[in-house]
Amino acid sequence: MTEVRTRFAPSPSGFLHVGGARTALFNYLYAKAKKGKFLLRIEDTDQDRSTEASFKIILESLKWLGMEWDEGPGVGGPNGPYTQSERIHIYKEYTDKLIQEKKAYRCFCTAEELEGKKKQADAMGIPYIYDGKCSDLSDAEIGSQLEKKIPFTVRFKTPHKIVIVDDMIQGKVKFESKLIGDFIIVKSDGFPSYNYAVVIDDALMKITHVIRGVGHLSNTPRQILIFEAFGFPLPRFAHASEIVGTDGKKLSKRAGATSVLAFRDLGYSSETMRNYMALLGWTSPDGKEYMSDEELCSVFDVERCSKSPATFDVFKKLKEEEKESVDFNKLTILGLAEYLNPKSKLNWMSNKYIRDTKIETLGKALEPFLKDCQIPEAFKSGENPQLLSILDSVRVYLDRLIQAPPYIEEFFLENLSFENDEAKQLVLEGKGKEVVAEFYRIVKESSLTTPDAYKESMAKVGEITGEKGRTLFMPIRAITTGKSHGLELPILFSLLGQEKMVKRMEQLAGILGISLR
């Protein structure tokens, strides 16, 4: 049985966004499910756009997502080099073969000449197809042009036929090659075109399955024609559905497209991101959504992918006035956080992951988010028992680990003050002073240790004072935190303990100049 070999082949011209990451994941999961190999290949033939910085970001993104490649940059393998700019000599060898066999030819048409023909076709309302002007040049004519060092491209001589793409997701799709024309396979700078290099690379690297986004479906007939011209065996093709935002439109910088590393910095785990992205266009056999890596790798099959667009629901739908001004690529992490959809499937998965994961694992994952946390240095270690105790108590409230530091900081506050006059007035107005005095008495006289015990104590204060809702809870929040908004009080109180609670209330009451007795 032939070994399954898949590949992810990004261009290093930007960050790795969700669409590209999903493509990588589908290839990775399919290879693992079939006990095959997952390759990484860097397609940097567009020298104007390719950068070393982007290359490094792509590698960092894949490593964070936990998608280790079996062959590729940094790993090596028997089918390298795995960077296209290092394979130019290989492409030239195959190009010479095509030209010799009259399956390709040099084209000396100038850019201005071709642009004029394109404009003419546009004016007539017909698609532009190269007219084959250079396809029948004599050897003498070609030699003369080469001697003059006239720049040229190399075009593939497209045979007229019906090309059928037998796609594992989209089904059978037919294309008429005469509508494609003789397309460029080598650019004037000597670098191969995308559609040309990818075929040679896939063939020599023994790729058996090409899994990518549906946007590449229109490229596939060109690639099939090149496969056939060389006599290479065809891989299986699978084109995954488009990913759209909450507005139903294709992901873009105006509709939620951003680097996958932004989700790391927002506090999502790589496990959660893998799980979420796997469901962008694919469903498990039993309909299960929250899945471990082992489960995903055991049941993933591209033939269960849908043709329908997959909705990326992580960000809220932008308001009309925001659509032109908001650029997700340029937003800071805090800026991105403001647009997160609190009811997204990613948040649900992330909360479940945080609740279910071993607390020691969470503690280590939390460490990067504690660097700027206003707590003693000793507590910035994910192994600190007291830190883990706090994290264990509040984890149920977290959708992202970046939300944990405020809880932790609150626990360590020593010298409290009121954040503003609004917080002060919560205690001073109405029955505020009566509420806080009664709560102080109950806390000081009782041994309260659990969130439920503190809930009961606040309810008891309500019965005694006749206050409820905002006029009950807000004065208590103000006298214990100095703030008008914040964390879940019962959880906070149980973490602080009786001694700190009493000290806090006495400290803030002193600032107001009121008695709690």
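Keep in mind that glycine also has a Cβ here, set from the backbone N, Cα and C atoms.
Annotated in Swiss-Prot:
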- 10-20: motif ''HIGH' region' (MOTIF)
- Cys107, Cys109, Cys134, Asp136: Zn(2+) binding site (BINDING)
- 250-254: motif ''KMSKS' region' (MOTIF)
- Lys253: ATP binding site (BINDING)
(message) A 10 Å Cβ contact count, applied to the binding-site residues Cys107, Cys109, Cys134: which residue has the minimum?
(response) Cys109
(request) Starting from the Cβ centroid of Cys107, Cys109, Cys134, Asp136, the recorded Zn(2+) site, name every other residue in that chain with its Cβ within 8 Å, sequence order please. (result) Tyr105, Arg106, Phe108, Gly132, Lys133, Ser135, Leu137, Arg155
(message) Using DSSP, what is the helix/strand/coil residue split across the motif ''HIGH' region' (10-20)?
(response) 3 helix, 1 strand, 7 coil
(request) Would you mind pulling the DSSP three-state label for Cys134 (Zn(2+) binding site)? (result) coil
